[in-house]
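Undergrad: Below you'll find the structure I mean.
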Amino acid sequence: MSESEKFQLGTLGALTLSVVSSVSIVICNKALITTLAFSFATTLTSWHLLVTFCSLHVALWMKLFEHKPFDARAVMGFGILNGISIGLLNLSLGFNSVGFYQMTKLAIIPCTVLLETLFFRKKFSRNIQLSLAILLLGVGIATVTDLQLNLLGSILSLLAIVTTCIAQIMTNTIQKKFKVSSTQLLYQSCPYQALTLFIIGPVLDYLLTNLNVFAFKYTPQVLFFIVLSCLISVSVNFSTFMVIGKTSPVTYQVLGHLKTCLVLAFGYILLSDPFSWRNILGILVAVVGMVLYSYCSVLENQQQKASEVSAQLPQVKESESDVLISGDNGSGRLSEGGVPKSPPVWKSDKDLKA
């Protein structure tokens, strides 16, 4: 199996793991919040990250991956920023309507595209832009309902969009710059993310629910779903870093909207959530946009690799011709005894004597 085939297989596995684990944890958390009244989302996320770090530490002890330390300030800044972005998204959901929150999530894709274009000079073709527009339209039709604006909620949403975009771009940039795997980056950044959310989590949850997470009555059923949610979160966090590292932040956001559509579908099938033809139409339009985006991305990647290969061929031919020229000049050529061979003598009348 070639390296490109291994990379494509690894990318497909990461995408599949991300979708399955994310849909599973949403269903688990929905049962935890709606059925068991455990509505402390930010604190629960800090527990997710703590369990993820412990799991990775065990994996490191079993030598399943290699610890590769790098710039500590970059890791600390990235971990804290990631934790803050999660908290801001939860605050945005708490201080805005569900429809406005969905618009906030939709805005992450164009914001990411804008930041990558401005600061990384990345170019997105018109086909990619069209497919993203179709995708966002479909998700908007399926998820956005009422749009109730308020100043505080709008500010929180704006901060959530910016921090989330920067954190996801940093995930991709750090992995490529320092040549670390998704596991190595997640292992080193998890403590900072968990500590940030563990500090701000109870405060944010109290602001949103007027309840104290430490005063909640933890029944065996609640504890079971909390443990299950934490275990699923290990694969969620791992697959998130893996997908962004292998693809791009924009692709991860596209995948996130696919998860949203799947969650809506599973919610209707398994949890009997209210569903309408509007939801069905939006999901179908979103799927069309996602398929177009995937096709255009694969096609452009193949064209880019082909152009890189064709650009390298003249360099290879030029280097071969340099070797031949240096050989003709007698430089570096040795006879069998190790004595340099004398350069050939040019005879101007050799054609006449032939």
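Note: Cβ is positioned from N, Cα and C throughout, glycine not excepted.
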Undergrad: Quick test of your reading of TrEMBL: among 74-93, 94-113, where does it put transmembrane segment?
TA: 74-93
Undergrad: Among the recorded stretches 151-171, 192-216, 222-243, 277-296, which has the greatest number of Cβ pairs closer than 8 Å to the transmembrane segment (74-93)?
TA: 192-216
